[in-house]
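What follows is one structure encoded as structure tokens, with my remarks underneath.
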Amino acid sequence: MSTATPSATATAPRSAGSRFTRWLGDNVVLLVGLLVLLYMFTPVFVVILMSFNDPAARNSYSFDGFTLDNWTNICGPLGMCEALRVSIEIGVLATLVATLLGTLMAFAMVRHRFRGRAAANIVIFLPMATPEVVMGSSLLALFVNGGVSGLLGFWTILIAHIMFCLSFVVVTVKARLAGLDPRLEQAAMDLYANEWQTFWRISFPLVFPGILAAALLSFSLSFDDFIITNLNAGQEVTFPMFVWGAAQRGIPAQINVVGTIMFLIALAAVVAGDVLARRRAGR
Amino acid sequence: MSAASHLPGGGASAASDDAPRKRGLGGYLLLSPGGLWLVVFFVVPTVTLVATSLYDPSGSLQLGYAMTWHWQNYTDAVVDYGPQLLRSLQYAVIATIACVLMGYPLAYAIAFKGGRFKNLMLVAVIAPFFTSFLVRTLSWQYILGDNEAVVSLLRWLHVLGPEGHLLATPFAVITGLTYNFLPFLVLPLYASLEKVDRRLLEAASDLYASPFTAFRKVTLPLSMPGLVAGTLLTFIPAAGDYINSELLGNPTTRMVGNEIQDLFAAGDYPTASSLSVILMAAIVLLVAIYVRRAGTEELV
């Protein structure tokens, strides 16, 4: 960076062209990276654009005109907000249970020594390495064989979501916990803190960002899941299932409003978390 | 630029690996609630799935199924759905390669060129995924639509014929798969690249390695754990996905996930289960070969 223009022209007269190629050589990776980011963002731009669309026909998916109607009448499409409510309820419950159980497991895996650690590791890892359709069909096979196929619905979806969120929670919290210096906990114990105090005063605050990240991840995994949910939902309709059904009939533009709102909320959460972390670091 | 400022705090992270672990029952107490959940709702169902795949297919949900060790379900599934199975693996491999071609430069740019924008770029990788998977996939219907810019441009360039389209083609399905699973490649790869000790690269260049040689001999091998983990996290869900095929494809791009879902919906549990088991077995086999070849075993 310090070898910028003035000194370069002084030592070796170079044409603007060769300087450009040199700069390009240094930064071509960055340019490609930014292009890839653009590719990743294109659908989000489309979703935001489409949230203002005034479709000419029911199943039209081209931008026909600008309107704010979708934003003022979000719950317009029949059943959409009901599905949204179901998804949020399941998401919150699944996040609470999975984060609690997964955090306990992460502490066990990192801080405790016991027989069967390797087996536990495999059982935690496998759900992340199993295609959703296999996991979903396994659960359905269990429910059908257990004779509870008539009870498929809210609770079976919740069970499934807690199951696949658990592994991600364990891995996320474990990563945070493994990066912690265990000498901090030892120091607390040396200073006569008991285990309970050490946990709440030292370990928990230090691991908390990891737990929060795991909870956010859980909620987004749960809220977004379609394949496993679809197999185990019975008559219940979650938001992704509503979108799926709508995709066959013609997509109401309000779906894009919900997509945009979710994007903005999550972005705000991340930015707020970052600001908080900076403030803490600054103190 | 001082290299030391990039180095991770070596002491603390090394210490936690051989940290003293507590013995006793505490570990089991913490592990058991979540562990039981995984055993009851993941391990047991997997066994049930294998059992269901051997049931007599003439049964039904209402009448019940009889366990007849009906191995023929497997041959039937392979004969009837072999093409979809192969297509799934093929699409997943292509999508994974496309993800590497796009994801490696991105992860590299974030780790090595990000500077103070590193966190911002990481957020940008995750941000699109705050919008629902299905809503994003549907937006590709618009982007690749016949009357939109991409198709018009490609027609004008004669890449596509005047009647050519992108939507409802294998290309659209693979584009969707690539798009949907790209972050799963970028994030672990970034984590690996971030850990590469910058002093090794300085050493390589001190020893007259060109930037390319330094990349090939130092950065690439050191990023292998992240690359292997990332490709698996891309390939596995892509092979089982049916959303992209359904929303962006046509009846000739159906993948094995579509068939499994439809068989379950139609109530043919034994065939659906055997197809599921075959998919899982094919993935495990391919992954085992791949991991052995890539020479990394520290995945867990």
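First residue shown is number 1, and so on along the chain.
Just so you know, glycine gets a Cβ as well, placed from its N, Cα and C.
If you look up TrEMBL, you'll see A:28-52 (among others) marked as transmembrane segment.
According to TrEMBL, the feature domain 'ABC transmembrane type-1' maps to A:84-273.
Summarising the annotation, TrEMBL assigns transmembrane segment to A:90-110 (among others).
Look at TrEMBL and you will find A:122-144 (among others) tagged as transmembrane segment.
Away from its own ends, the transmembrane segment (A:150-173) comes close to residues 86, 89-91, 93-95, 97-99, 101-103, 105-107, 109, 124-128, 132, 135-136, 139, 143, 207, 210-211, 213-215, 217-218, 221-222, 225, 228-229, 232-236, 238 of its chain (Cβ-Cβ under 8 Å, at least six residues beyond either end). The annotation transmembrane segment is assigned in TrEMBL to A:150-173 (among others).
If you look up TrEMBL, you'll see A:199-221 (among others) marked as transmembrane segment.
Packing against the transmembrane segment (A:257-277) from elsewhere in the chain are residues 44, 47-48, 51, 70-71, 74, 80, 84, 209, 212, 216, 220, 223, 239: each is 6 or more residues past its ends and has a CB under 8 Å from a CB in it. If you look up TrEMBL, you'll see A:257-277 (among others) marked as transmembrane segment.
Same-chain residues lying 6 or more positions outside the transmembrane segment (A:122-144) and placing a CB less than 8 Å from one of its CB atoms are 105, 109, 151-152, 156, 159-160, 163-164, 166-168, 170-171, 225, 227-232. Among residues of the same chain six or more beyond the transmembrane segment (A:199-221), those with a C-beta under 8 A of the stretch's C-beta atoms are 91-92, 94-95, 98-99, 102-103, 107, 161, 164-165, 168-169, 172-173, 175-177, 180, 184-185, 188, 193, 266, 269, 273, 277.
Counting residues 6+ beyond its ends, the transmembrane segment (A:90-110) has Cβ neighbours under 8 Å at 117, 120-121, 124, 154, 157-158, 161-162, 165-170, 173-174, 177-178, 203, 207, 211, 214-215, 218-219, 222-223, 238 in the same chain.
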